[in-house]
Amino acid sequence: QQTRQNTSNCMGTVCLFHSAFYIFSQLDFPLEQWRTRMENHTGISEFTLVGFKSHPGSQLLLSVLFSTMYIVTVVGNICMILIIRMDSSLHTPMYFFLENLSTLDICYSSVITPRATLAFLLGRRSISYNGCASQMFFFSLFGTTEAFFLAVMAYDRFTAICNPLLYQVIMSRRLCVLMVVGSYLSGCINCTIQTGFTFSLSFCGHTEINHFFCEVAAVIHASCSDTLVNELVMLAVCGSIIVGTALVVFISYGYIIITIVQMPSAESRHKAFSTCSSHMITICLFFGTVFFMYAQPGAAASPSKTNTISIFYTVVIPMLNPFIYTLRNREVKRSLKKQLKRKGLHLLHLNH
């Protein structure tokens, strides 16, 4: 068991720095130690992902839609990272977390979208046993880490608005880095538990997964074992993570709203609210969909009803985040205009 956990943690570290390699290998990341251990539990070598298969006429449309959203996600988040890195005025804790969120969104979407696009376009719906375990591992890793990131960003806004004089002291560079590392470590713990418990189940015959990726509840539902323990573990672990991070978020924003209301001038209230509004939108989108998926009893009982919602939090939200933070953030818009103006002047100078 210890060997398996060590292997999973190593894989989490590899994925953070080599996500692109992972995409082009089509999720067939080697899990030989897991496979050797699980051979006694199952005789299958691959799964078939049948999500949205009942709509053959929409396969091309889904492929175009997924590929377009993925390109927008990657380009939008890379632009956000470049804007933050190129403007020294944005080198603050808030934008440090936002830069890491953009990197995370690229990885999060990359685990799901490219393979799903190929499945819709080419009809290649089979995924190897190891590939399915890899996809679940990294999906759980990045999804859990994002929940912790949003909680950390809420605490950052709470400190900035409710304790502005102590903000630079409290939110030191060291604390910010520790918070990011802690978020990833929490994600590693959860994905190791989820993937380990799920792939300790038995799978009989030609197993179909009623989803477009190896989502935890859908894979559990495809097993021929008694899945009660797994469902309870998923509910307990995922529920505690979602509820815990959501509590941090809502308590932080409760204090933020009280502080903003008590501000003397309308201008200061507007400025304070503008720095939080984009984050509040992201929080509502992410926690609303994830809570519906994982933090309620019976989440694994009807996976076919969750495909559309899964698209929302795995593909749509990572695509929307850079637009939300750009369009509703005056500092980012100002920085973007400054960078575009600088590039325009540079091109004009080269032409002359």
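The backbone N, Cα and C atoms fix where each Cβ goes, glycine too.
Curation does not apply to TrEMBL; its annotations are automatic.
Keep in mind it's a predicted model, so treat the numbers as computed, not measured.
Proximity of distant same-chain residues to the transmembrane segment (60-84), defined by a Cβ-Cβ separation under 8 Å and at least 6 residues beyond the stretch ends, is recorded for 52, 90-91, 95, 98-99, 102-103, 105-106, 109-110, 113-114, 116-117, 120-121, 315-316, 318-319, 321-323, 325-326, 332, 335-336, 339. Per TrEMBL, transmembrane segment is recorded for 60-84 (among others).
What TrEMBL lists as domain 'G-protein coupled receptors family 1 profile' is 76-325.
What TrEMBL records for 136-155 (among others) is transmembrane segment. Residues 8, 11-12, 15, 22, 94, 97-98, 100-101, 104-105, 107-108, 111-112, 179-180, 182-184, 186-188, 190-192, 194-195, 198-199, 213-216, 219, 241-242, 244-246, 248-249, 252-253, 279, 282-283, 286-287, 290, 313-314 of the same chain sit 6 or more residues outside the transmembrane segment (136-155) yet have a Cβ under 8 Å from a Cβ within it.
According to TrEMBL, the transmembrane segment annotation covers 175-197 (among others).
Residues of the same chain lying 6 or more positions beyond the ends of the transmembrane segment (232-260) and with a Cβ under 8 Å from any Cβ of it are 144, 147-148, 150-151, 154-155, 157-158, 161-162, 186, 190, 193-194, 197, 216-217, 220, 269, 272-273, 276, 280, 283, 287, 290-291, 294-295, 297, 299-300. Annotation comment: TrEMBL describes 232-260 (among others) as transmembrane segment.
What TrEMBL lists as transmembrane segment is 272-295 (among others).
Annotated transmembrane segment per TrEMBL: 307-327 (among others), in sequence order.
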